């Protein structure tokens, strides 16, 4: 049989080999930075820092933990909505993220945290946040192929995804010097198109053979709401986690809070108006309500203004919900892109819009609005970039968006071709969306007491019949 | 038919109109404050602030995120206990909160954060917390009418609720200059009586027609514990989120932690002693364990003492559990108040007691216990209030409690009358507590594989019969 | 009948008597410390502290809340995996923790926070964290006896457990002056052997009478993942919560993050390679993935190095998963130790290894690696201990590990004998792992609408037959 989901050799092999490689590479390259090293106390004395509270740990650790929850509980539970793929959703999400953050620390470290004096990568709390961010891109991509790939394919996808991410991030943030604190471009646009391109290459014409498993059940929709809500609540932390200290983090949190609130209202409105009798659809509530957070990722740090944030959320709730209603079925039928979680509506479009909003907001920045110093700080117009003007910055922001798109689509097609090889243990068309393939499932549920009795009763009734 | 749950026009209309109004009003009124604006760097220089860590963001953001979790996951999941109303519980809670926080930012802003030099409301992290608090009042009220109202009614209820809240809060905190950091009066007493009064006006004599749906099932009780625990764990953040920097926040967290711990013990004791064979009732564990947090809302910041906190929790666990056993059925039968979640026992009584405890603790304050400076700081005896003595303060605290009661009951009756109009799409008596009315539900569960097979088996057995 | 699960007198009596005792003892002994008292403002002036942000509250509160979530949601939900013991898992965990933290504040206070000038215990945020830690030890022990004991037994177990914990902690941290920021020895080794020894004494030869209830069902495994993930995500906060300000907390968080990530990969590898067709086992994913956090508890603060953390996690994932596969069945059959949650694999072995890793890392410390000041600060070589060298410190660390073992096993046997008395209302062998014994359960599930209809259909079909 072509479809053999046996991963008993490949999965452990990849995990072991990779983890050993990580240990070696960490041994060679990764060290604590000056804020997490025992020499911090001497550094403080040298620099006249009078308090431990100035350690970046205290500026960013609460946001880091919120981001961590988004990655593991948020993404994990959001994908539990399928009736029989909750183990895969939350379990493979866990595996992929734990795998990816290690490689991300290395890849991003080489580009951003390399100490050229000794050739070591020096890490601190900001690196942990960035590793979580990097993995977020891969987890978004997982949403497009949820239920259709093997865990080994996911690990391969993550390995290449993290690598591509680190490169495009370096180009966008360092070479082009674009800003993207919340990652509308770097994380969401890249991650979503990466996943969609892979899904396009892996198109399964006979996927309707597992149609019976594509929907949700009552409880699985409630589980998915755990994911939705933790993503929604902590998105202000996501967008502010690596923003500048002080007003930068403060403003990013406010803008995200507002955009998300606005987005909920228009999602509900569109969901209701398009259904019979005005009933709401859980798919929309679980997903489109989050689009507002994606779309202020780039501009959250800027002077987007409070009403500007509301407008962004307003539009994204509408667009994202229509995406679920119209685009997802269209893409499946006409473009041969099967997008299990509808990441095109939740990440691709809002991420793209977020990049556009960021470019416009940057281009419109003025010294009178930002203050001379504020403008320099917000866009980091220092060093090589000290003569850059806001409208030029707007252009570079737009260029950054293109880079994210190219890396996402191009990288996705290449990785998709690799994943098409018949060696990865992916499930047959009629075995998709089923935990049975990769998980030891609990014995059938007849053993639960109340249902047990009820069975017995029935059997008895039947016997009476 | 009188009962038409079609909200296909009204729900989208309210969401759209309201969200557009919000955008306009935010455009006219809301601006970043000095701590979230790009001019913060200049402000620091002017004020000789040497570190970004002095930005209020770093004092309050972790508490804000905890409060945010309480509002969306805590309240949302606490109400999922009904066997067939989990979508409504968590989904409408989400809608109402996202709707309410925007209006709260405006209403509270006009009263508390208006900059008279330019007529703008200047917002920062404390405003976000206060908006969450304001919405908490409305979500408490939702608990009384859970399963019996349409989403449109909930939005109307929230619109008026937030408005009333902002006014009573202004009277209590600014005019009377009472303290209420954790909102025993402002949030819980007001919110609970507001909801109970509405429920009284909307009394449904034939509600037992949907009796089959009023209870829980095993899994829904576990879901509800997610809500309970996040409320319980983060309540110290709730009561300390807007307390004074330093010892104020520190003490509020400790007092709340202790009161809640004590409350769990007496809840278990009463639940066990009143049931056959000493079995525990999930309703009590899910709700009465939280009463201790409500009841130290006002006094958490004061020198309530550690054992005082334990005593408050001790009493509230007992009273609240007896409330569920005795008062809720009595109120339904004799007072015609149908209180789905028993908010009378969890918020009304403990909130009222919290106001009383606050008044007594304030009246008993002495300079020797608090220190001269500590007394002034704790009760903010500055400006117009610098000659106020602690016992006078106790009187004003009591007056504040009365204001909360009057606004809750009075406002609730008025809003209840509005909601009685037959235009809101509320469900028929036999369709209450059922997600069917407002949600697209997943197809029937026969499609889940194990049960599917099991059906087949049965059918086969039946055929054999 | 010998087995009478009626706890209607004993449970309320213990709760009431104990809570009243707590109130009296708190009244006599517990006071706010200088950072949570209203005199803080005067203290700041005296000490030239210029900012409220220097209050320890702001260094530790975010970590405290994360630890709080681990105790109540983490441990509680991790144990919901049984098909019919979710109420007991999450509910008794709640009761035990709320009960234990109060007694822990007193016991630990007498040893560590007693102000000899007035004989009072002065508490602040660090005491709350330590109380949560202390209770964690007892909740670990609960894992070994889950489903086999009554709530009264749990309270007795916690009462003695907290007492023993406080004594061993005092010996290890103060007398031996060992370091154990994340509690590999003090919390995990002690707690696990305490629970295992109790379970050994309470051995039930006929436990297979309740075999039908020992497994999980699909949904209960998803609930358990909530516990797993919150433990996993917040473990960096657990290990850094009481570490030294600045680089100490920063480094502890990084090391824990890395060890946990590595542990996930090897857990998945072993789980897959040992199952038919490479399928993963939820028991391993839920538990063994956490072993890496346990095992860096002692050394997280030290210069364990980043790759060292990966190695620790690597080994623990392997060992812990093999524990579930091999040791747990062996211990049950040959050693008569029934360990419901497999705490031997998740806490005992990794905790022991963590103690060993800590001793080695401490012994290997050098002034050149740590810096003179860094070495003194990391190991607190001050006062009576200022002449202690790192290798001597390594010896004391090892001695601390022995103390934890002795207290765990010895205390467990004694407490087990007490719990063997036939007065505690524990369940019969065939009624273990069943919420029926101590909880009012929702009525049978036939009332849920979709299943209701489905019943009707069947009855109709049957009638047609």
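Cβ atoms here come from the backbone N, Cα and C positions, even for glycine.
Per TrEMBL, the feature domain 'Ammonium transporter AmtB-like' maps to C:55-438.
Per TrEMBL, the feature transmembrane segment maps to C:12-34 (among others).
Sequence-distant contacts of the transmembrane segment (C:64-82) (same chain, six or more residues past either end, CB-CB distance under 8 Å): 89-90, 93-94, 97, 125, 128-129, 132-133, 135-136, 139-140, 142-143, 146-147, 213-216, 220-221, 223-224, 226-228, 230-231, 234-235, 237-238, 241, 282-283, 286-287, 340-341, 433. Per TrEMBL, the feature transmembrane segment maps to C:64-82 (among others).
TrEMBL lists C:89-108 (among others) with the feature transmembrane segment.
Beyond the ends of the transmembrane segment (C:128-147), by six or more residues, the same chain brings 60, 63-64, 67-68, 70-71, 75, 78-79, 82, 85, 88-89, 92-93, 96-97, 100-102, 104-105, 107-108, 112, 153-154, 157-158, 161-162, 165-166, 169, 183, 186-188, 190-192, 194-196, 198-199, 202, 210, 213, 241-242, 337-344, 346-347, 412, 432-434 to within a C-beta distance below 8 angstroms of the stretch. Residues annotated as transmembrane segment in TrEMBL: C:128-147 (among others).
Annotation comment: TrEMBL describes C:154-176 (among others) as transmembrane segment.
Annotation comment: TrEMBL describes C:182-203 (among others) as transmembrane segment. Counting same-chain residues at least six beyond the ends of the transmembrane segment (C:182-203), those with a Cβ under 8 angstroms from any Cβ of the stretch are 133-134, 136-145, 148-149, 157, 161, 164-165, 168-169, 172-173, 238-240, 252, 256, 293-301, 335-339, 343-344, 346-348, 350-355, 357-358, 400-401, 403-405, 407-413, 415-417, 419-420.
For C:215-234 (among others), the entry in TrEMBL reads transmembrane segment.
For C:254-273 (among others), the entry in TrEMBL reads transmembrane segment. Counting residues 6+ beyond its ends, the transmembrane segment (C:254-273) has Cβ neighbours under 8 Å at 182, 232, 235-236, 238-240, 279-281, 284-285, 288-293, 295-296, 299-300, 304, 306, 308-318, 320-322, 325 in the same chain.
Within the same chain, residues 78, 81, 179-185, 187-188, 221, 224-225, 227-228, 231-232, 235, 238-240, 243-244, 248, 251-253, 255-256, 259-264, 267-268, 270-271, 312-313, 315-317, 319-321, 323-324, 341-342, 345-347, 349-351, 353-355, 357-359, 361-362, 365, 369-370, 378, 397 sit at least 6 positions outside the transmembrane segment (C:285-304) and bring their C-beta atoms closer than 8 Å to a C-beta of that stretch. Residues or ranges marked as transmembrane segment by TrEMBL: C:285-304 (among others).
The transmembrane segment annotation in TrEMBL covers C:310-327 (among others).
Here TrEMBL flags C:398-419 (among others) as transmembrane segment. If you look at the transmembrane segment (C:398-419), the same-chain residues 6 or more away from its ends with a CB under 8 A from one of its CBs are 141, 149, 153, 156-157, 160-161, 164-165, 167-168, 171-173, 176, 178, 180, 185-186, 189-202, 351-352, 355-356, 359, 426.
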Two-stretch contact, the transmembrane segment (C:12-34) and the transmembrane segment (C:215-234), at least three Cβ pairs under 8 Å:
no
Could you please provide the mean pLDDT value for the domain 'Ammonium transporter AmtB-like' (C:55-438)?
96
